[in-house]
There are 2 protein chains.
Amino acid sequence: MGNADYVYPSTNEYRQCAHPVAVPPPQPFFKSFKNSLKETFFPDDPLRQFKNKTPSRKFFLGLQYFLPILEWGPRYTFQFLKSDLISGITIASLAIPQGISYAKLANLPPILGLYSSFIPPLIYAMMGSSRDLAVGTVAVASLLIGSMLGDEVNATENPALYLHLAFTATFFAGLLQASLGLLRLGFIVDFLSHATIVGFMGGAATVVILQQLKGILGLQHFTQSTDIISVLRSVFSQIHEWRWESGVLGAVFLFFLLLSRYFSKKRPKFFWISAMAPLTTVILGSLLVYLTHAEKHGVDVIGNLKKGLNPPSFGDFVFTSSYLTTAVKTGMITGIIALAEGIAVGRSFAMFKHYSIDGNKEMVAIGTMNIVGSCFSCYLTTGPFSRSAVNFNAGCKTAMSNVVMAIAVMFTLLFLTPLFHYTPLVVLSAIIISAMLGLIDYEAAIHLWKVDKFDFVVCMGAYIGVVFASVEVGLVIAVAISVLRLLLFVARPKTFVLGNLPNSTIYRSVEQYPTTNDVPGILILQIDAPIYFANSSYLRERISRWIDEEEDKLKSTGETSLQYVIFNMSAVGNIDTSGISMLEEVKKITDRRGLKLVLANPGAEVMKKLNKSKFIETIGKEWIYLTVGEAVEACNYKLHTCKPDATNEDSQPWNNV
Amino acid sequence: MGNADYVYPSTNEYRQCAHPVAVPPPQPFFKSFKNSLKETFFPDDPLRQFKNKTPSRKFFLGLQYFLPILEWGPRYTFQFLKSDLISGITIASLAIPQGISYAKLANLPPILGLYSSFIPPLIYAMMGSSRDLAVGTVAVASLLIGSMLGDEVNATENPALYLHLAFTATFFAGLLQASLGLLRLGFIVDFLSHATIVGFMGGAATVVILQQLKGILGLQHFTQSTDIISVLRSVFSQIHEWRWESGVLGAVFLFFLLLSRYFSKKRPKFFWISAMAPLTTVILGSLLVYLTHAEKHGVDVIGNLKKGLNPPSFGDFVFTSSYLTTAVKTGMITGIIALAEGIAVGRSFAMFKHYSIDGNKEMVAIGTMNIVGSCFSCYLTTGPFSRSAVNFNAGCKTAMSNVVMAIAVMFTLLFLTPLFHYTPLVVLSAIIISAMLGLIDYEAAIHLWKVDKFDFVVCMGAYIGVVFASVEVGLVIAVAISVLRLLLFVARPKTFVLGNLPNSTIYRSVEQYPTTNDVPGILILQIDAPIYFANSSYLRERISRWIDEEEDKLKSTGETSLQYVIFNMSAVGNIDTSGISMLEEVKKITDRRGLKLVLANPGAEVMKKLNKSKFIETIGKEWIYLTVGEAVEACNYKLHTCKPDATNEDSQPWNNV
């Protein structure tokens with residue numbers, strides 16, 4: 001790096017040609033408080049459409065806001081109905097076997113899976129703003145309900161209490177989801193980053209697959225734990241109990257399901273093959289068992305399913321029992337997880353089709369469908385990715401496809417449940433495994449490693465936590481690492497030296513732009529984060545070290561000694577009182593060393609606070625410039641024209657301390 | 001705001017005259033990992049002085065690093081000794097009554113206060129890097145020990161166990177402090193912001209003063225709780241038990257102490273008046289009681305104090321008892337609080353005298369003095385503000401003043417303890433109240449309110465939490481609000497529109513600089529925080545709204561329609577994979593609306609990740625500019641010369657999705 005040549009303005013008062021740095025006009029406290037509240041909770045300004053409308057129009061718009069069906073319903077066409085009919089029937093064929101499988105995963109009666117595909121989709125069709133979301137139960141939340149409630153109540157010993165706890169947990173999950181939406185706290189879901197969800201979903205899928213070893217191998221006894229070590233120990237400690245009939249059947253069906261998925265993936269036109277495959281395996285499996293009487297030779301079957309629609313369950317809530325806390329805790333955790341999946345799925349498909357969904361509105365919709373669902377024998381539902389993808393591929397146009405699915409499930413509940421009597425459990429396990437394999441997104445993990453190592457650590461933290469400890473532990477690890485990253489960003493901000501880009505007044509990081517030139521006698525530092533209590537000590541140390549190093553370097557090369565230190569404040573979004581104290585201390589340090597401290601481009605918030613704390617007076621208004629270029633020009637001007645005065649004019653203020 | 005006029009370059013290829021934005025050269029993963037670890041844990045580069053030295057020199061420097069006395073000892077002069085002798089005796093006269101008072105506050109035998117002013121100062125004199133810190137016990141930590149241990153063990157019913165728990169807690173506090181220093185985790189203390197400490201100290205002082213009502217009013221029964229409601233209820237429920245003799249004595253001594261402090265504050269030369277005042281009140285009080293036999297008329301006295309030096313206590317640690325967790329918890333919390341006070345005090349006085357202290361080294365020193373202290377009947381010590389201020393005012397030169405104080409205390413322990421037999425407890429209460437009143441820094445709180453409302457909320461959260469609930473609750477509230485603020489900064493970053501400063505190529509916030517001009521057809525947005533998972537949803541919403549609002553505004557005024565959206569990325573310090581997805585989504589949104597997305601000045605980290613994730617290819621390398629000015633010029637050039645092509649050349653990429 002060489003030294004650039006400068007041209008200095010010929011006027012004696014350099015300052016006049018520089019731009020002044022503005023202190024933003026003072027705002028009344030309550031106005032700025034109101035503004036920041038609005039930015040925090042209403043970033044999308046949902047009330048904008050209500051402006052300048054008559055009261056009756058406002059009421060109708062408000063109703064439309066909560067019931068989007070009033071908006072798209074009147075515009076619904078026969079063309080739409082045809083598409084929705086096809087996609088609705090397709091997802092119903094997936095919903096029935098998946099519903100039964102996931103209910104088994106939660107240790108709940110299989111029929112609940114069907115109940116849960118009937119009421120909630122109807123509610124969502126009215127309230128949801130996504131056109132592609134297909135409502136139903138999900139594997140991960142089902143597993144979580146099974147493991148969390150299972151810790152307190154044994155599902156086989158006390159099935160009634162367990163069932164009632166599941167309803168209560170679903171109720172609280174819905175309540176939490178709807179409240180988050182109503183209170184505009186949807187951003188809590190944002191703290192589950194993409195990396196967290198990739199790792200978490202992969203881990204949960206691994207755990208769910210491991211659980212299926214019970215069904216595939218036809219084991220009677222199995223561990224209650226979900227971690228990989230307990231499960232593998234449980235599987236391999238009873239090798240003599242493995243049932244080969246069950247294993248072979250499972251392997252054959254799994255192969256068929258994977259093959260159909262592979263085929264559909266290759267040719268998207270044949271998406272319906274993989275969509276229909278689960279129902280096909282159920283029918284084939286049931287027929288096989290019925291014809292060979294395999295249920296008497298070690299192949300477990302579902303058995304009797306009650307005919308009829310959802311019985312009411314709001315009388316079953318256990319609000320008074322000592323298990324209430326378990327139900328609340330389970331509801332909170334599963335509710336958040338289910339919400340995150342539903343919102344992410346809705347948002348992804350909205351992105352594809354170029355419409356946008358309102359996260360908070362979606363939360364209210366998902367929450368309401370769970371609250372209502374819990375009153376009618378449904379357990380936790382959301383918008384599962386697999387089912388929504390099938391819905392999307394089948395060409396659904398509106399949420400009406402959910403209604404079609406619900407009607408198909410209703411028909412099944414009323415007339416077809418006896419047909420599932422001979423359905424072998426191993427088929428259900430094969431369906432679950434095949435669905436779960438799609439959730440282990442190792443390619444996304446590789447992408448994370450390539451682009452952002454920290455995100456990869458978050459992802460692996462979630463995966464390892466879920467697989468080796470438990471679902472909750474994995475989640476806590478991932479969120480903790482993610483939050484730690486945010487804190488580290490603030491606690492250890494990047495600081496770097498700027499240099500002059502040749503033939504310009506632009507100053508950029510010397511590391512990023514190796515062609516930049518040093519500016520003799522001036523050290524330009526950029527601070528890349530807000531100056532807060534969490535980093536003020538660090539910044540003081542780091543800035544001192546930059547100055548030390550620069551002085552050492554200049555001494556060793558025998559160049560002009562250091563005279564000015566310029567802080568580029570462009571990236572300092574805010575400052576607090578600890579940060580201001582830090583600046584005051586740095587000012588003392590530079591004064592003591594005979595250096596002049598100069599600020600460049602402090603933002604509105606920073607200027608406001610520096611002004612209020614009188615730091616602008618301490619440093620001198622004439623030492624704050626609008627750009628680094630102007631600051632350097634001014635320093636150079638002083639350095640070359642009035643050197644003896646420049647460093648002494650108001651130095652050594654520590655005598656007054 | 002009007003429209004500025006532009007001059008466009010006449011070359012057809014505008015791009016050639018703009019500066020390219022550099023992607024930083026790729027670094028091997030382990031090198032960059034090592035660098036960021038070093039920046040996180042060794043920002044002050046402590047090993048710098050060891051470079052290029054012989055092994056024996058390195059060893060000596062290392063020894064000096066841990067024992068700074070080896071550094072300043074050889075340079076110690078007789079002149080220094082004279083100063084240190086005066087200041088040492090002055091602080092000893094303060095240390096003796098304060099030590100006894102604070103030990104009573106912790107429900108420990110009064111003699112422990114003297115023990116704790118003997119061994120720890122000697123250790124600190126060897127290891128500490130501050131020249132002004134005076135070692136001793138502190139009120140807040142003493143109160144905390146009293147209330148936290150008191151929850152588990154009653155100090156009057158089981159004094160031996162209580163005492164042993166106090167030693168064990170001190171041992172763990174020291175262990176924690178030294179480990180934090182050795183593991184370079186000193187930045188944990190930074191999370192106690194200045195605002196937190198102001199509120200916390202004020203709250204603790206209030207609580208301590210309320211506790212003294214027991215001593216002043218001569219009450220026999222008193223609540224174990226520390227919150228204001230319990231204490232006032234306890235005081236006013238037994239009005240008939242108040243002792244007027246005790247009250248009058250207390251009020252008189254308190255008045256005397258406050259008067260002496262007021263006088264010393266007015267004339268700093270007479271600092272020794274307020275420094276000597278506590279010992280004077282003790283002597284006067286004791287004489288008065290001795291002469292009037294007031295101890296038989298409702299004035300409680302200290303009673304017998306054992307003669308002799310600290311007995312060893314390392315055999316008393318309760319490592320195996322069921323109370324171990326209590327001791328560990330108490331040690332951790334009081335250790336952190338004491339550390340924060342010690343570091344802050346050391347740093348403040350170092351700032352005054354223009355030397356710097358090393359936080360991590362201080363932690364090792366304070367930790368070691370507590371570990372050693374706990375083995376010799378001392379409880380938790382640190383560098384109290386009041387005592388250090390007296391030390392500073394008395395003109396101490398080095399840590400030798402601590403040695404002088406320790407010798408004076410040793411002399412007291414060996415020969416003078418019987419003199420304290422008749423010291424009335426009410427005098428001790430008056431001393432504590434007078435010291436605590438100085439800790440309620442309402443002026444600092446007013447300053448916080450003026451400069452930074454959020455810091456004020458943190459401060460009041462700490463104060464109210466401590467006063468109305470408990471010390472721990474106050475601390476947790478303050479730290480939680482502080483951390484929430486950091487998270488909010490990232491979760492809800494400021495975004496604002498930039499405009500052109502007249503007669504320049506500088507672009508700044510239109511709110512901060514109302515003289516800026518709009519650039520027709522171009523929306524320039526600045527994002528003021530890193531783009532992370534926590535804000536990517538918010539930013540997507542907010543950016544969409546900015547575009548909506550700008551288009552609405554242009555539509556209503558009939559100006560040129562919007563063509564370009566420029567993001568100024570100067571303040572975006574980093575981006576993660578969620579942030580990149582957000583940019584990809586925004587790119588799709590702008591494409592769909594026929595707008596062109598342009599980036600200005602992305603930093604090194606951001607460019608690295610955009611490059612790895614191929615976003616640079618998605619947006620097109622020619623749409624990334626080094627400055628906002630260049631980006632605007634390029635857009636204007638395209639807008640005015642090749643308009644029909646500009647928006648169509650590579651739009652509608654969603655057809656390929």
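Each residue, glycine too, has its Cβ placed from N, Cα and C.
According to TrEMBL:
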type: TRANSMEM; residues: B:133-150; note: transmembrane segment
type: TRANSMEM; residues: B:162-183; note: transmembrane segment
type: TRANSMEM; residues: B:195-213; note: transmembrane segment
type: TRANSMEM; residues: B:242-263; note: transmembrane segment
type: TRANSMEM; residues: B:270-291; note: transmembrane segment
type: TRANSMEM; residues: B:332-352; note: transmembrane segment
type: TRANSMEM; residues: B:364-382; note: transmembrane segment
type: TRANSMEM; residues: B:402-420; note: transmembrane segment
type: TRANSMEM; residues: B:425-442; note: transmembrane segment
type: TRANSMEM; residues: B:462-488; note: transmembrane segment
type: DOMAIN; residues: B:512-635; note: domain 'STAS'
Mean of the pLDDT scores, which run from 0 to 100, over the domain 'STAS' (B:512-635): 89
Tertiary contacts of the transmembrane segment (B:242-263) (same chain, 6+ residues out, Cβ under 8 Å): 215-219, 270, 273-274, 277-278, 281, 284-285, 288, 294, 297-300, 424, 426-427, 429-431, 433-434, 437-438
Positions whose Cβ lies under 8 angstroms from the transmembrane segment (B:195-213), at least six residues beyond its ends: 105, 139-140, 143, 219, 226-228, 231-232, 235, 337, 340-341, 344, 429-430, 432-433, 436-437, 439-442, 444-445, 448, 452, 455-456, 458-467, 471, 474-475, 478-479, 482
Remote residues contacting the transmembrane segment (B:425-442) - C-beta distance under 8 A, at least 6 residues beyond either end: 97-98, 100-102, 104-105, 139, 198, 201-202, 204-206, 208-209, 212, 214-216, 218, 246, 249-250, 253-254, 257-258, 261, 278, 281-282, 285-286, 299-302, 385-386
Range from B:133-150, B:270-291, B:332-352, B:364-382, B:402-420 with the greatest count of C-beta pairs under 8 A to the transmembrane segment (B:162-183): B:364-382
Which of B:332-352, B:364-382, B:402-420 contacts the transmembrane segment (B:270-291) most, counting Cβ pairs under 8 Å: B:402-420
Summary of DSSP states over the domain 'STAS' (B:512-635), given as helix, strand and coil counts: 66 helix, 22 strand, 36 coil
